[in-house]
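Worksheet: the structure to be examined is printed underneath.
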Amino acid sequence: MVLGLRSKIIPLPDHKLGNIKLGSVTNAICHRPCRVRCSHSTASSMEEAKERIRETFGKIELSPSSYDTAWVAMVPSRYSMNQPCFPQCLDWILENQREDGSWGLNPSHPLLVKDSLSSTLASLLALRKWRIGDNQVQRGLGFIETHGWAVDNKDQISPLGFEIIFPCMINYAEKLNLDLPLDPNLVNMMLCERELTIERALKNEFEGNMANVEYFAEGLGELCHWKEMMLRQRHNGSLFDSPATTAAALIYHQYDEKCFGYLNSILKLHDNWVPTICPTKIHSNLFLVDALQNLGVDRYFKTEVKRVLDEIYRLWLEKNEEIFSDVAHCAMAFRLLRMNNYEVSSEELEGFVDQEHFFTTSSGKLMNHVAILELHRASQVAIHERKDHILDKISTWTRNFMEQKLLDKHIPDRSKKEMEFAMRKFYGTFDRVETRRYIESYKMDSFKILKAAYRSSGINNIDLLKFSEHDFNLCQTRHKEELQQMKRWFTDCKLEQVGLSQQYLYTSYFIIAAILFEPEYADARLAYAKYAIIITAVDDFFDCFICKEELQNIIELVERWEGYSTVGFRSERVRIFFLALYKMVEEIAAKAETKQGRCVKDHLINLWIDMLKCMLVELDLWKIKSTTPSIEEYLSVACVTIGVPCFVLTSLYLLGPKLSKDVIESSEVSALCNCTAAVARLINDIHSYKREQAESSTNMVSILITQSQGTISEEEAIRQIKEMMESKRRELLGMVLQNKESQLPQVCKDLFWTTINAAYSIHTHGDGYRFPEEFKNHINDVIYKPLNQYSP
C-alpha cells in the first residue's frame, strides 16, 4: 500500500476521466497537444519579467491613500493655525479627484463605495478647512449624494473604524458649514451608534477595551484622551504607524516634534501624498515572500527571499516594534520563519492566546479579518507537543471565530473564500492545485483594507502574474510528457494483465506531480510514481489474490535477483509482477548510480526484501492464522508494508544531492523514515478500517478495540489514533525544519514531509482512489488544462 492507501484495483471508468483513450494522450481529458515549446522571444520576455520581480525586493510601494493624505493636509502649521503645515498634500487632493467627484482607491469597485465615501469626505474636509477648491468640493458633494445609500449597506466592504470615523467627519463638516447631502435619519442613527460605541470604550477604558478604538482616534476627536494616547507613540514618531491618526494628534492635541518628523519623513519619500500605513518595508516584504510561495515561483528568488527572511529574523530576535506591534505581521513572520527553518518560539504569540484577551487588548487595526486569518495560519505550524500549546489555543478560537463569521450572510465573498481556505489544513492540500487556484484568483487590482483600501505595486502586478502563469504551464508540459513515459512503461510491463487498470496511472502520477512538481526532480518523481503503482499492486494482490506460496516465490526471486531464472515462477502473475519489478529497479539503480557516483542497487533490493517479508507476516500470521499482534508488533510490520521506506529512500537517491552510505544509514534518516511511515500508516488505518474489517484484515483500530476487551469504542480508538498521528506529524515537521546537526540536505528532508502531505491530501475528502470525479478535476487542473489568466 502506498501513501497511506490500501486500495482495491478499481479501474476508473472512461467517462470519469474525460473519455481518455488509453492509446492517445492528445485525447486525454482536455484534448490538448502534449508538447508546447516556448519561443525565444517568450523565454527572453520571462527573463526580463523575472529581473523586474527581483528588483521589487525592498522597493515595494503602497498606493496613495486619499483618506490619510487628507488628514495630513488638515494639520495646521506650527507657526499659524490658519495655514496648512503640509500644503503639498492639499495640492495632491486638488489634482487627484476622480471624474465622478470622488477620492479613493477604486470608486468603480462595487464593494468599495464605503471606502470612496470615507476618502471623499476626508478630502472635502481638508479643502473646506483651508477654503480652497470650491469646484472640487461641489463635485465631491455630488458623489456623496448619489452614493450615500452605501453608508449603512452591510454588503459593502467597510474600512476599519468606519462606524466611528465617518460620523465624526460628519460632525466636523457641520462645524465647517459643509452641508452634506445625506439622509438626516441615517446621520442621526450613525451618530447615536458612534456615541454608544465610544461610551462603552471609555467606560471600560481601565479594563483594556479602550484599545479597541485607539487606532481610530481621529474618529474620537476631542473625546480622545490625547495626552494618554501619546504614551503609545512609537519610536518612529507615529501612532500605530498610521499617518491619519498621527495627523489627528497634531490637529487635536498639540504640536509634537516626533509626530511632525514622522509625517515629514513620509513626504520626503512620496513628495505630496502618504500611504495608509508606514513604514511599509516589513509589511511589503512579508506579503511579497508569501505571494511568491503561493504562486509557486519562490524557487527562482531564493537569494532574495533568504535575504528578506534573514532580515526579518534579525528584527524578530530584536523584538522589533514594526513586527510585534501588528498581529498580522507578527503571525505571518512567525509562520514564514518557522516554515523556512528559522528557530522561533510560539511564546511570542502568547498575547493572542484567547479570543477575549485578543479583542479587549488589541487595537482596532489588529481586529480586521486579515489578522485573524494570519493568526490561524500561524497556529497550524506547531512542531512541539508541549511548547506549542499556545498555537493549539489560538487555532481553536480563531477557527471558531471564522466558523461563526461564515454564518453571516453579509460576509463579502472575497473574505468568505479567504476564511474557507485558511481553515483547511496546510498539510492536507495538493500544492499545485492550490497554486493554480491562487494564480486564477490573482488580480492586479487586488486590494487590502485598513482604514482605507490600498494596493501594493510590487505584489499585485502583471510581471508576477505572467511569470507564475508561464512557469505553471511549463511544468504542466513536462508533466504531460512524463505521463506519456509512464504509460509506455506500464504497457511494456504488461501490468494490465495482472488486473491493474492503466487509468490508475493518472492518479498515481498526479499524487506526486502535484507536490514534487519542479522539472529538475523528474527522475525522482517518475521513480516515486512507479513505486506507488507496483507497491499498491502487490499489496492488493496479497490481500485478495495471491496465496502464501506465491508470495514466498516472489521473495525468493528478489533475494536471488541476478539469478532469478534459476528459481522459476509459480504463476503467470508472479512472472509479470517480478519482471516489472526487476526492470524498474534496474533502471532506477542505474540512474541513481549516475547521480550518486556509487552503486546503490543492493540497498534498493534489500528495501524490497524487507517489505515483502513484512507482507508475508501480514498474510501468514495475521490473516491466514488470525493472530492479533500487539500494537508494537503491528507498527513494526505495518510501517514497512505501507511502502514509505521503499519509495521514499529510493527517491532520495534521485533528487540530486550525493548521499553517503553513512548518511542513508544515519539515525536522522531512520527517524524521519519511521515517523513518516507511522503517520502514513495511521492515516490509512483510520480511513480504511471499515473495509479492512469486512476483509478480516488487521488494522490499528481493530487492535485497539480488541486489546481493550470492549472498554474502548470505535470512536475512542479512532480518537486515540488521531492523537498519535498528530503527535508524529508534529515530530516529523520539527525534524524536517531542524537545521542543527542535520546531515541531510533540505530537499531530501522535504520529501518525507511531501509524502505525508500527499497522504493527508488523498484523504481530505475521503479515499481519492474512490472519488475519481474529484481527482479528474485535479488531474485536469494540474496536468492538462493550461492556465490562461493573462491575455496580452
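In case you wondered, yes, glycine gets a Cβ from its N, Cα and C as well.
Here's what Swiss-Prot has on this protein:
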type	residues	note
BINDING	D539, D543	Mg(2+) 1 binding site
BINDING	D539, D543	Mg(2+) 2 binding site
BINDING	N684, E692	Mg(2+) 3 binding site
MOTIF	539-543	motif 'DDXXD motif'
TRANSIT	1-37	transit peptide
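For the pair formed by D539 (Mg(2+) 1 binding site) and E692 (Mg(2+) 3 binding site), distance between Cα atoms is given as 13 Å, rounded to the nearest Å. Within 10 Å of the C-beta of N684 (Mg(2+) 3 binding site) we count 26 further C-beta atoms, all protein chains included. Of the listed binding-site residues D539, E692, the Cβ environment within 10 Å is emptiest of other Cβ atoms at E692.
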